[in-house]
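I have placed the structure first, in the form of structure tokens, so that the comments after it can refer back to it.
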Amino acid sequence: MAGNRTFTMIKPDAVEKGHIGAILDQINASGFRIVAMKLTQMTTADAETFYAVHKERPFFGELVEFMTRGPIVAAILEKENAVEDFRTLIGATNPEDAAEGTIRKKYASSVGENAVHGSDSDENAAIEGAFHFAGREMF
Ligand code: UDP
């Protein structure tokens with residue numbers, strides 16, 4: 001059965017460009033409830049752990065550098081079928097392939113600097129949420 005929570009980050013590129021408000025607005029308007037949220041900055045060790053699944057990929061170093069270069073907004077979101085519906089809302093990894101109206105289509109500039117993260121499974125949503133938030137920070 002599909003879970004009802006997902007984890008997201010508004011990535012450094014979108015924070016730098018001042019898109020936090022617009023992105024949160026679109027998330028809320030799409031029926032997601034924010035159950036945890038903070039502005040934070042990942043350390044190199046944080047980003048290497050968070051993206052460990054990609055450590056053999058050629059873009060890993062660039063990804064870690066990008067994700068640590070400035071603050072991010074981390075959040076846990078609640079909605080029925082949260083993981084799948086949020087992946088639909090953000091669009092394809094590469095903004096060139098993302099559907100019109102999706103968050104990445106509107107705010108991402110490249111396959112690397114693509115504005116937002118969305119968990120790809122219920123299991124990863126739980127792991128990623130717990131990576132950034134203590135239980136008492138979830139409402
Ligand atoms: N990424 C990248 N180059 C690529 C593919 C991915 O820099 O060719 C980055 C991008 O920021 C992406 C993240 O690595 O969001 C994780 O990649 P994944 O394939 O898991 O995409 P996602 O689940 O974020 O759509």
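Along the chain as shown, residues are numbered 1 onward.
Backbone N, Cα and C define each Cβ position, glycine as well.
Here TrEMBL flags His117 as active site, pros-phosphohistidine intermediate. Neighbour count (other Cβ atoms within 10 Å of the Cβ, all protein chains): 20 for His117 (active site, pros-phosphohistidine intermediate). In the three-state DSSP reading, His117 (active site, pros-phosphohistidine intermediate) counts as strand.
The annotation ATP binding site is assigned in TrEMBL to Lys11, Phe59, Arg87, Thr93, Arg104, Asn114. Thr93 (ATP binding site) falls outside any helix or strand according to DSSP and counts as coil.
As annotated by TrEMBL, domain 'Nucleoside diphosphate kinase-like' applies to 3-137. Per-residue pLDDT, averaged along the domain 'Nucleoside diphosphate kinase-like' (3-137), amounts to 98 for this model.
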Binding-site residues whose CB lies under 6 angstroms from ligand 1, from Lys11, Thr93, Arg104, Asn114: Thr93, Asn114
Neighbour tally for Lys11 (ATP binding site), based on other Cβ positions within 10 Å of its Cβ: 24
